[in-house]
Each structure stands twice: as structure tokens, then as C-alpha cells.
């Protein structure tokens, strides 16, 4: 199993190209199931989750061709995927595929909308009522689907097609919004989604669907209106830049000091996080190339932050901010309001010397001057990259184990950081 070896203490200086957003690329790839024509997606990151979704779509009979420059080539801007779902041969998504990535459950929406049936495994470890799957099922039932759960599978059917309806979510859900949005595009009549998620990735998917012939308005607001159409066609769409990757590298620069241009980053996608970084002492300068992040000389200021749905501070940057605050000049407070059990990185940060106290959903971080390198274990995607950020500023060597989590969401992470002066390398098993 691969590991990441880091020798801390180096400042970061240079340019980091920001990849396409994984959280947009995945639903965009799934949306290709809505049409018999080819959907072309540009700026798709090369990630383990993208590769896994390609396998899942292939299981349904979808043809996918990848083109474009390889990482490391001059002017690399992600891969281009040509996705053709002209002949969907299987409407079953089996457990052995879905269990490896929760977002793969979303294939239920386009399969049901276009083929009028779907049989999709519940994601691994997913209990109805405690994960957002119950909200996804609620949305499909509102649109007229008949749903049964048998043998760990959600079996959905709509023999006469889906019907437009009002889908009112009891709480904001990104997954539920994606599923309702895709399913409603081919439903008869009008669908109104209320309490919809407002994330930029929702807007990106809606923009692509409209290019395919859908009639979606209001994406990016809590109320989305979809006028159903009879069919969707092919289109070409460029995946928006990854705001979580942008925020992660910005926090890495704030942690180590230095100055880095995050090329292709768009500040409006993560303004709340940039405001927190400014409060923490980083210099944030948007320009026509992206966002320049610097911290030269000044220390790191403590902050108090609560995660929130967009446009608030993203839960997917919570672990990275916590790593940064371990070296702040004072006490910081971070409250997690989106997900339960999202402080698994605390124990591993403590191995590097961090002083963190948990009280329910709030972490209190007492900043210290120096972290110490140590072997650590990645527990999930965002936790793993927080350990990398901490290791970049730690004294001595940090070895991050189980880095397959990183490969799910960060394209060429060690190469991007190494190019800016970090002492970081992948040790292959």
C-alpha cells in the first residue's frame, strides 16, 4: 500500500494548477445516462473516484473514451471524456461497484428517468435514516416512482415515466438535489425543488443539462424549477475548477509560508474560506490567472468557524483548517454542523503534537509553535490531506499511510506540492 513521505519545514513558492472539480465531474458523468447521444466533458480530473465511476457506467453498457494530455504534460488541463450511453444494457448497479463510492448511487436517477426502472445497491455501510439516501428516495417517490428495498437493493420503477411534482427537502442535501434535478429533466410536467442545495457544483450540472436541452432555472438558489422535456441530446461542457482543492492548497501555503499562484482558481466559488484565510493572516489576491496566496513573515491568527452549506464555510475544508490552526497564535474553535463523526483526523493530528479538545461537534484547538513529524494513518479523503498539510510544517519526517484516500480526490498532489518546493514523495508498495 502506497505511503506519502514528507520532510517538513520548506516554504511553498510557485504555481499550482487547479484541477476540475470531482464533485461536479461525478454527477456530470452520471448525467450522460440521460441521453442516447454523446456527452463530452472537458477538464475531468484523473482520480480514483472518476476511474471507479467509469467502471460503474461501463457495467451499464456506457462507452467512455478518454483523451487529452497526461498529467505533467505542458498545459495539461485534465482529461476529456467522450461518454456515450446509446445502448444501456443493464439497469442494475451491483453492490461490489456501488460499495466503493457513495456517489455512484446517483445513477438511480437517470436510469429511472430514461429507462423507467433501476435496481441499485445501497452504498456500503449506509443505513436508511442516517445517511442522505432516505432523502434521495423521498425525491424519487415525490416524482411518482415506486420504490422497494429488498436484499440491500433499492428497486425503483416508473412504468409510465416520472411526473413533475414539488420536492421539498426537510434539510439541505447536495445528493438529494443532484438526484431530483437529474430525474426531473425527463419527467412530464414541472418540478419545483425547494430547500435545494446551492453549491457551485449544482449550478455546473444544471448548466450542462441545459446545454443538453433541459429546461432548468434557479440553480444556485434554494428553489430550482425544472420543466420536463421528452428527450435530451448530446453536448460539450467544461468541468468547473475544484474549490476544495483550491482551499486545500491555499491552507497549505498559509501553513508553510511562501507565495503560490493557484492557476485557474475562481474566488467566487469559495469566498467564505478565503475570508477565513485572510482573518488567519494569509494574503489573498485574485487576478486574471487565478488566486495568489501568500504568507510572508506574519504568524497564523486563530479563528472561530462553523461549517455551513454554500455559501458558508465548506465542511470539506474543515480538516484542512484544523491542521492550519494547530500552529495559530492562540485558541481556535471549529464547529462541524453538516456531518456526524467528521473529527477522525483529530487523533492523528495529535500524534504530530497538536492540542485539540473535542466537545460534541466543536473542536477547540490550542495553537503551538512547532509540530513534530510522526507516522500517521489517513482515515478518509479530507482527513488524509489535513495530515499532509500538518506534515509540511512539522519538524522532521511525517509518513502518511493509507494514501489511497488521497487518490480519490486530489490529482497529482505530491507532484504539485513538490514543484513548489515541498519535500514530499510517494513511496510505492
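Quick reminder: no glycine exception, Cβ is built from N, Cα and C everywhere.
Going by Swiss-Prot, these are the annotated features:
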ACT_SITE  126  active site, proton donor
BINDING   22, 23  phosphoenolpyruvate binding site
BINDING   102, 131, 132, 133, 134, 135, 316, 338  UDP-N-acetyl-alpha-D-glucosamine binding site
MOD_RES   126  2-(S-cysteinyl)pyruvic acid O-phosphothioketal
Rounded to the nearest angstrom, how far is the Cα of residue 23 (phosphoenolpyruvate binding site) from the Cα of residue 134 (UDP-N-acetyl-alpha-D-glucosamine binding site)?
20
Between the binding-site residues 133, 316, 338, which lies closest to residue 23 (phosphoenolpyruvate binding site), Cα to Cα?
316
Mapped DSSP class for residue 338 (UDP-N-acetyl-alpha-D-glucosamine binding site), helix or strand or coil
coil
Chain-internal residues near residue 338 (UDP-N-acetyl-alpha-D-glucosamine binding site), provided their CB is under 8 angstroms and they sit 6+ positions away
307, 308, 309, 315
Other than its own, how many Cβ atoms are within 10 Å of the Cβ belonging to residue 316 (UDP-N-acetyl-alpha-D-glucosamine binding site)?
22
If you draw a 10 Å sphere around the Cβ of residue 22 (phosphoenolpyruvate binding site), how many other Cβ atoms fall inside it, taking every protein chain shown into account?
25
Fewest neighbouring Cβ atoms within 10 Å: which of the binding-site residues 23, 133, 134, 135?
134
DSSP three-state call for residue 22 (phosphoenolpyruvate binding site): helix, strand or coil?
helix
